[in-house]
Amino acid sequence: METGGNGPPKPIWNIVMVSAIAAGIQFGWALQLSLLTPYVQTLGVPHVWAAFIWLCGPISGLLVQPIVGYFSDHCTSRIGRRRPFIAAGACLVAMAVFFVGFAKDIGHRAGDSLDNPTKPRAVAVFVTGFWILDVANNMLQGPCRAFLADLSGSDHKRMRIANGWFSFFMAIGNVLGYAAGSYSNLYKLLPFTTTTACDVYCANLKTCFIIDIVFLLSVTITAITTVKETPLKSNGSLDEGEGGSSEPFIGEIVTAFKTLKKPMWILLLVTCLNWIAWFPFLLYDTDWVGVEVFGGKVNGSSREQKLYDDGVRAGALGLMINSIVLAFTSLGLEPVSRLIGGVKNLWGVVNFILAAGLAGTV
């Protein structure tokens, strides 16, 4: 995405308000990562198919963000370039979360049998909601980051501060989401979530998602109503800065790759390998703790199911601690990087820490 970076930086509270949307986004992501792989198995979907369902995230990230970025850069709405997409993304997230959380109830009303381990209608509703959720999350996150860049102007220090606040609120959202996922009695706040088709585990997940909808819409509405944005003129220029390029976004991507230097290719390769390692961990971590560490089993005996549920909650608790560490490191990256000789050294160190941590699971 292009940013109108020639204008003066906006007040820091503007950056904080927009960054807070990341907490709402990440709250939902944390619930996805900690609860949805175990949940999808209660619908009768085996492990191998769970991985295919999760393919939506990388695919939507690859396709949706560049497309949304292009149209956001060229949007001439009177309320600004970014805010229309942020509002639309938040509404889509709320709709998708409803489908995911209420999949069992909708499937049961559509004809799914409670005695059949596989619930095809619930699976169809869940998968539809899940894919919409990933598309909407990518649609929401890209314009948020671009909005922060716009608010930072051409001040690189302010941009680093903005990224720090965005990461901080991502960590806050993670902590809230994983904490909600690790607490087994949250459904008691909303007793109506327990239904004939939806047991205690399902009701807990449903309650988490309802809280996520309220939280995300609250922070999004607060941010887009309090932080003003300079509209893009019809001639493609901002009132106070530069405008977007008329080159199609596919052409921009191709041009960018052609001009990359060798160090950037190495950087991209290492980042790619990081995500190849990290994504399966996020996909199966709570399920792995429930099965391999606690010795539980999905849809097994009552004892096996309890062990599995306890393991999932323990895994979510571990992810919450991970997010607390992220919250502190997000705001301390700059001083820490100075202590060890620069950002490059810090990046190298954390890559080795990541490799050691993942190797430790063996």
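Note that Cβ sites are derived from N, Cα and C of the backbone, with glycine treated the same way.
Features reported for this protein in TrEMBL:
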- 12-31: transmembrane segment (TRANSMEM)
- 51-72: transmembrane segment (TRANSMEM)
- 84-102: transmembrane segment (TRANSMEM)
- 122-140: transmembrane segment (TRANSMEM)
- 161-181: transmembrane segment (TRANSMEM)
- 209-227: transmembrane segment (TRANSMEM)
- 265-284: transmembrane segment (TRANSMEM)
- 314-333: transmembrane segment (TRANSMEM)
- 345-361: transmembrane segment (TRANSMEM)
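Looking at which of 12-31, 122-140, 161-181 has the most CB pairs under 8 Å to the transmembrane segment (51-72), the answer is the stretch 122-140. Within the same chain, residues 21, 24-25, 28, 36, 68, 71-72, 75, 77, 125-126, 128-130, 132-133, 135-137, 139-144, 147, 205-206, 208-210, 212-213, 216-217, 220, 223-224 sit at least 6 positions outside the transmembrane segment (84-102) and bring their C-beta atoms closer than 8 Å to a C-beta of that stretch.
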